[in-house]
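Quick notes on the structure that follows.
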Amino acid sequence: MSPQTETKTSVGFKAGVKDYKLTYYTPDYETKATDILAAFRVTPQPGVPPEEAGAAVAAESSTGTWTTVWTDGLTSLDRYKGRCYHIERVFGEKDQYIAYVAYPLDLFEEGSVTNMFTSIVGNVFGFKALRALRLEDLRIPAAYTKTFQGPPHGIQVERDKLNKYGRPLLGCTIKPKLGLSAKNYGRAVYECLRGGLDFTKDDENVNSQPFMRWRDRFLFCAEAIYKSQAETGEIKGHYLNATAGTCEEMLRRAYFAKELGVPIIMHDYLTGGFTANTSLAHFCRENGLLLHIHRAMHAVIDRQKNHGIHFRVLAKALRLSGGDHIHAGTVVGKLEGEREITLGFVDLLRDNFVEKDRSRGIYFTQDWVSLPGVLPVASGGIHVWHMPALTDIFGDDSVLQFGGGTLGHPWGNAPGAVANRVALEACVQARNEGLDLAQDGNSIIRQASKWSPELAAACEVWKEIQFNFKSVDTLDLNEIK
């Protein structure tokens, strides 16, 4: 009889409740290369030892339940159970611990982020013995990574499709996000693309509302793309949001975008769901479409430091599920994002191999085994004065996306796009000539504005706009060197 089906008659069955740590806390366990490893921030209820709390997480997210069951004897728990193998105290926080859990790979369906998350971040997050629980990081083993398609195309293929190299890409979210007619929306797209942007974008909640149905928007945006391409000689795109109420409708919209010949579409991957997102990513690879991903709803999940899921985990999940771009914060704009933490998950999106680095919040070494990379998108409250910092922080393999920072230009949409393109080209040239963007950024922008009236006007409008608020999600004291 195989170990998987062996009946433990010699052990016998004893009903009742026993401590989780007797079965699921195994500090001597040596992790395997095929294990999925998780780092949980655990805040136990008063009186619950950290070992019991960590073991409870391992049990409730794998094979365990609240009482002993006789069917445990029909399988091999040692083969399938999750194990809490290490616990460390979080310095500077009262009664808070990092619990490390190892999961055997056989617990998870191949190629399914949905199944992986249903286990690891499922019912355990409502467990009464814990005051709070947060998933800080995951190590995805190479054996599991290879079961995913990942991004439809990846960074290098996108650059080849667009024929654009050596600089960040420029984008703009059309504003107001709701209320424009399809024709006026298309006009704004055309003006921004003609002015020098690479992309424009539907906002995350632009789907198919009474004021602008999706098919009309797609048609007017396609017209804007082709007209601006003819006038500028550059390849242009607009992120056509295919997110819909059903997967069937989502794919119908994606197919229509393909028929129009546009280069890129968009999906809200958290509100749309991982199953829908993975399906769309497969469609995009099969049909040559790039896929832009918006992270609407992420802050509900990731912003609180003691409960939820850290965005670095959501970013890893997106790379598995599939997307060529994803919003990743700005560090300098209006949205949450501490610099070292942001750079940590930006590397996890782009790079093929990332070493463990607790100073950037990275708990595990991650090998993506040639899974294509994802371009991080900096978006939210940014303008021309931020361009040097953004170019310095995110580097060439990124998308810098200015909504109000384009459409809020006093002379209109096209001049706003011109201002952003001039500022970017000036920063890239200065960097290539050896200047320090962090130190010389303002002088670079001022110098460029002398021969660009559009940039000069933008500099004047936004010279005093700042968002000086402390990040909620910060590094722990024991992570800061």
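Residue 1 is the first one shown; counting continues down the chain.
Placement of Cβ uses the backbone N, Cα and C atoms for every residue, glycine included.
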Query: Which residue of SER62, SER228, SER379, SER398 does Swiss-Prot report at the same substrate site as ASN123, THR173, LYS177, ARG295, HIS327?
result: SER379
Message: Say we define neighbours as other CB atoms within 10 Å of the CB. Which of the recorded positions LYS175, HIS327 has the fewest?
response: LYS175
- request: Measuring Cα to Cα, tell me the gap between GLU204 (Mg(2+) binding site) and ASN123 (substrate binding site) in whole angstrom.
  value: 29
- prompt: Hey, which of the binding-site residues ASN123, THR173, SER379 is the loneliest by Cβ count within 10 Å?
  reply: ASN123
Query: Using DSSP and three states only, what is ASN123 (substrate binding site)?
result: helix
- line: Expressed in Å to no decimal places, the gap between the Cα atoms of HIS327 (substrate binding site) and HIS294 (active site, proton acceptor) is 6
Query: If you measure C-alpha to C-alpha, which of ASN123, ASP203, HIS294, ARG295, SER379 (recorded positions) come within 10 angstroms of LYS175 (active site, proton acceptor)?
result: ASP203
Task: From the recorded positions LYS201, ASP203, HIS294, pick the residue whose C-alpha lies nearest to the C-alpha of LYS177 (substrate binding site).
output: ASP203
- prompt: Expressed to the nearest Å, what is the distance separating HIS294 (active site, proton acceptor) and ASP203 (Mg(2+) binding site) at their Cα atoms?
  reply: 9
